[in-house]
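Participant: Please find one structure pasted underneath; my questions will follow.
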Amino acid sequence: MAPRKKNPAIKSSGTTSSKASPLPDWVKGGGPKPPPSYTKAAKQQQTQSAGNDTAISATGSSSSSSPVAAASSAGGGGGGGQGQPREMLFPPGSKTPLNMLYERVNKLPGWEKPIVEPRRHKQGYSCAVTLKKVNKKDASNPFTVTFEPKEPTLRLECQSSLEAKHWGATYALFRIFNHLSLNLALPPGPREYWVKMEAYKKTAPSHQDWMWASDPFEAAAKRDAEKAKKEQDKLAAADAASRGEVSIINAKLNGAAKPLSKAWQEAKEVRLASSLREKIEATIRRAMSIFPSASAAPLDLVEEDQDADTAAPNSTPNIDAAGLEKELTSYGFRRGHARSAISWLTSARIALSNPSSSSTTAAALVDPMLASAASLADREAALEYLMLYTPEEDLPARFKPSTTSESFVTSSKAGASGDALAVGWAVDKLSKQAGLPRKAVQAVFKRIAAAEHERNVELPRLVKEGLALEMMLRQMAGWDSPAQAEEQWTSDAILDAVLFFPTRVNDADKEEIEIKRADERMAVEAVLGDDRVVVPSEHQRLGVQDYDVTIAGPGTSVGGTEDVRLRISSHPQALYPLARDKTHAVALPAFCVVSKTLPSYLKLALTQHLLRAFQGDNRRMDWYDAIEAGDGGIVLSLVEELESMWSKMIDDPPLLSSVMQYLVGPDSAESSVEATPETSRAATPTGPSRIANKRRTGGGRALRRDAEVDAQLQRQQRQLHTSPSYSKMDETRRSLPAASAAREILGLIRSNRVVIIAGETGCGKTTQVPQFILDEAIEAGRGSECNIVVTQPRRVSAIGVASRVAVERGEKLDGKKKAVAPGSLVGYAIRGERRASRECRLLFTTTGVLLRRLGAGGDTDLKGISHVVVDEVHERNVDSDFLLLELRELLRRNSRIKVVLMSATINQETFASYFGKAPCISIPGRTFAVEDHYLEDIVQQSGFRPSGNEWRGSARGGKQIEQEIGQLRAHLQAQGVDEETCKAVESLSRSGGRISYELLGAVVRYVVERAENEELSGAADGDVGGAILVFCPGVGEIRQAIDAITTSVRGQSKVEILPLHANLSADEQRRVFQPVGAGRRKIVVSTNVAETSITIPDVSYVVDTGRVKETRFEPESGLTRLVECWASRAACKQRRGRAGRVRAGECFRLYSRYVDEKKMAAQQTPEMRRVPLESLFLEVKSMREDEDVKEYLNKALDPPSLASMDAALTNLIEAGALQSDRGYKSRLTSLGKHLAQLPLDLRLAKLLIMGTIFGCLGPMLTVASIMSCKPLFNTPFEKREEASKARASFAAAGCRSDLLADAAAFEEWQTMRAQRKTNGEIREWCESHFISQSSLRDIQTNRLDLLSHLQEMGFVAPDYSAFGVYDDERYDMNAQHAGVLRSVILAGLWPAVVRIDVPSAKFDQSSSGTVQREAEARQVKYFDRNGRVFLHPSSTLFSCKGFESSYLTTFAKSSTGAGADSKVYLRDATEVPLFALLLFGGKLKINHFAGGIGIGSNQSGGDAKDENWVRLRANARIGVLCAQLRRLLDAVLDHAIDEPQDMFAVPGCKDVLSVIGQVLQRDGLAA
């Protein structure tokens, strides 16, 4: 600081240098130093000074000190005005608000020093604090916010600028740091101000929340963006209001009415290209005439905002016409449209309620697309009519799309040049200005071009455009029709006249024409006034001398809400007004009605009305005479006519079909097909379906005594008994234990309706009991009354047993010829194959085939059957339990039929009680001794030691497995097993039950060597038996076992390895029963099909893995899966018994005694109690259409739980397989009838059906196989990121599906195999992509199995190849369209839908305004109906930042943790196209006020949380069209029940499937 100046004059005046601090008054005056301002003495002194300060001296100096207004703060600089003493605002040592603001802002990155500016106003001082932050994108333009307390209770009125600075700083501190308790550090004064601001914040409204943001710059950017949006919405609302439209602004209807929820505001908009919409409408009209039943089906559509009173269907002709008209017009419909809908509805109701009504009344139902509306509520029916028949541009705003899906540049103009481009723009002008259909205008221009070429004439561009309008007018009036007018009125006449205008019209006439047209325009201006005659802008003109005559319009002299103008056009070669005798065509003025507010069809209707006054039934002679004379003056007449009628026509518009009938073809115009009340009523779904009709009208031929047949059968029996080969076979049969019990068995059957036979393995019950019954009947002369059906649980069992019985009776079934010898008594029938003669009396079949015969097979009471023998009844699968239930009911209806139940391990008491204490008989077995070898025995005897390579990297650990291993060791030690063997058994047991193929191969090799040694030593008979039977759980395991055996067994030429499972053909299955060549040993590797019924006669050794695949329900996926688990002890006993049929045998069990005793259940749990019941429900409904399924299944041997039945009902209704109107009595839908024929999980079956009909069968076979197999990708914990990237590499652009990515991986593997890549290359590829080779093989096997099901039901042609490249046009036309594939996946998985919640948009400020910040993938949230869920990191969609749709469908869910910490993860997700939801989702619910469509549960009265779970913004017309397409799809499926392959040939079916496919390909957008 500079030294203070010493000059006395300066000192006395108080003047100092600019660098020196000013002198206080008490120094200059030489008085005592005043006390500090915050002391009591200072305050008393201020009071006294204020009271005495009243006089002012003449020199301008005060007579006494002025009151203290401001002073320096504690440690603060600055002062008051001149002559005022400085004041301390805060106690010494206080931290001032200003300093606190500087310090805290300085710590914030990028923030600049605050600018604190005091501002003076009338009441004192206020303060504004400006904050700035560095803008990294534009350093010269930092982000800026300003804080100034303007709230009434917080406004500053400080006495000094310094005080204002501190209080302003306090305000700024609170705005930024209100979440902190800074008031504790503030001095008195600002501290109380802080508390005051806290109180204000608590009571502040929610819209002021932005004020308390810790980052004011971000809050300001967001607020600016919201303000800009509101301004745009306000302008949009004003624009809509000016056009008389209704729009939704700020979540309200025109800024008023009820507010919309956040879900509706954020819903995605569905867009439908107008070209696609027209195609859909044309397809619906054509297809409804082919499928009239679809028109009568209930419309799967309701209105969400519909009142309860109006929701009920009205079947009477009584309609509140006035009230309904008022309601419809309140929605914005024109009064004429509303009246038309009410008139139609009234006629439709009369026609339906009175079948004898006149044909005129019945004509109300001329369009079958609307027949169903007659059974809807009044408003709903009227709205459907209006949605379908009101031109889209004339719909109220809430009912039509807000945006267009068409491209601005059409294909006709893209890349065009020269004349083509000029024609394109001319077409646009005529379409937009006159409202003419684009296709019709294009057709006229083609006619003009053809005429030019033919006559070698080239017209000027303006002439061609004017001529096109003149030709369109004549065509629209109908004068081109021979029955409508003379030749001179046609468009061809005017075309010819204009082409030859230069040669046929002389110069004088040309000049006269020009003069008359000019005079006429002057007359119009003189009569109407210059303000009503307007020249349109250049780009709107249709000719060179166009002018508009205003008829009505807001803001004009004539006024009116609608814009109506008559445009008069001319061109250089126009004929008007030329007399008729001077031209070959009638010379009319070229005119049209133009408007900014009217829809195109109303503009055309007004124009058409004026045209018809020249010619036809409505001809006005004065107009006609004026045209004939060529005097002109017709324009004023047109204006007068238009003025008198335009408002009436707009209020009550004509039908669109009458306006467009001459402009468009019949496919585009509204065509109709007449329907009568009788045809409509007959087609209603309340009538019996074809299946029900078959049940009632069908019926097998009842058994009758036929002496001729009896005699023939006895002759055959004698011939059999006298044949040379019979004696040996008879000897074999008599040696079976069943033969000694034959008399007792037959006696029980004769005297009882139901008999239970428990026969030990090998007793011969399966082959002999049916023959006992047949032989007795034939011998008694009653063979004609004997017809036996024997059911087997598997196809291979039915074939094997039938073949054996045929041999015993001297017949042959195992040949390659499909036909059997006439008169053969033994045959078999399996799904897709039947080998039996017409005289067959002993038919072996699968359980499912007999169930279908009971259902839709035409013999519901089995009147043509005398005995039903159910074999292996102990297995308790769903089909066998269902068959028992059906047979128990059948016994009441059919008094003659007999039922025999057989099994080796049957629980006699359970079955006897179920069938009313039916008698039981037991037959002892005839088997040789079988020696058991458990795992510990095998290891000890063979010396096998596991290498450890098989389980490396996959051995399971943990407390549970270690505890089990400890118990196993104790069990082994109790048997006296040595330590080395214990360790080997423990090592093999650590796999958790997984099969060791190294062990399996070694055991088979050991058995082969052991058998050879025994046979060489004579310990075993080498001529009898010696075959080895290996039991594996599934087809994939069979393949691996064969590989292991092939590798292990020495001298492979000495063994023949054969697989055996249900997927093999009948010929392949027969090979296992045939003997092998001398010196060779047969090894059969089989699933549990060889466990019962089938007897491979030469088996002496059984190798049992102890594993089986059971159908179980997985809660996390909700899918039926085949789960590998331990077999039951009863099943293993059956397997063991296979070894002792022909000689002493041995059973090698690849599991320990500990597993046998502790892990295996005694009996298998009935399948009906452990699997989902959807398939069973479908089967029951296909057989008993109106049955209460719950009540019926409660009669089963072991009824399923109520919870599982409720779940099945819900799932079937949601899947669209079951109607929802009658609960457990509801009928099957068309889709449900197809699903009932597929013995698959509901979702897989639906996926395959939909994939077939929509041309993507190949990919869906793969996807369905992936769903039913173990995961395709192996994900090691330590390489999760690499595995996820590998899976994502298969997700092609537009795929957006985990399942399709997996399918792409499988297809690449198939391609590598087709290219004959080496096993090493394929293995390396799999390892590099973390793909399981066993899963790939399983998927391939499953594809073949699934395809066979579709081919057996006739849905897919037999020549379709499962190994193709998706090039079959019938079934794979859409295989490359990701939109169709994702839609079909949604169809199969609905209602497993998850909502995507993208975070609210955030904005950054820039020099050009605010810019939206890109969202991060981790900010995207997902919600199902129960709350928030999470996408699994392995999903290919996990890193997606944005989605085209707002919904995903997921195949599986998994949960981690428990309680509040648990998270639900989604797996196998697929993004869902919006139209897929509309076409394949739940019930559609139109919300007119929200301008959207909700998609909820298919169930009536479903859970509230399921209602409108999916919300889409779309106009009601889209909802109605989608509902109509749904009904047509049902009709196509219904048609395909009898002729499934006709879907692709019948035009109606093909058109419906094609148009739906086109919609799904681009999600409603034009191609």
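Including glycine, each Cβ sits where the backbone N, Cα and C put it.
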Participant: Looking at 307-310, 703-706, 871-874, 939-942, I want to know which stretch Swiss-Prot calls motif 'DEAH box'.
Facilitator: 871-874
Participant: Pick the one among the binding-site residues Gly759, Glu760, Gly762, Gly764, Lys765 whose Cβ has the fewest other Cβ atoms within 10 Å in this structure.
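Facilitator: With the binding-site residues Gly759, Glu760, Gly762, Gly764, Lys765, fewest surrounding Cβ atoms within 10 Å: Glu760.
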Participant: Take the motif 'DEAH box' (871-874) and find every residue of the same chain, 6 or more past its ends, with a Cβ under 8 Å from one of its Cβ atoms.
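Facilitator: The answer is 765-766, 790-793, 797, 801, 880, 884, 901-907, 911, 1092-1093, 1130, 1163.
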Participant: Here are some binding-site residues: Thr761, Cys763, Thr766. Which one has the most Cβ atoms within 10 Å of its Cβ?
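Facilitator: When each Cβ's neighbours within 10 Å are tallied, Thr766 tops the list.
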Participant: Could you give the number of helix, strand and coil residues in the compositional bias 'Polar residues' (713-726) as assigned by DSSP?
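Facilitator: Going by DSSP assignments, the compositional bias 'Polar residues' (713-726) contains 11 helix, 0 strand, 3 coil.
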Participant: Quick check on the motif 'DEAH box' (871-874): DSSP residue counts for helix, strand, coil, in that order please.
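Facilitator: The composition, in the requested order, is 2 helix, 0 strand, 2 coil.
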Participant: Please report the DSSP secondary structure of Thr766 (ATP binding site), reduced to three states.
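Facilitator: It is helical.
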Participant: Looking only at the motif 'DEAH box' (871-874), what is the mean pLDDT?
Facilitator: 88
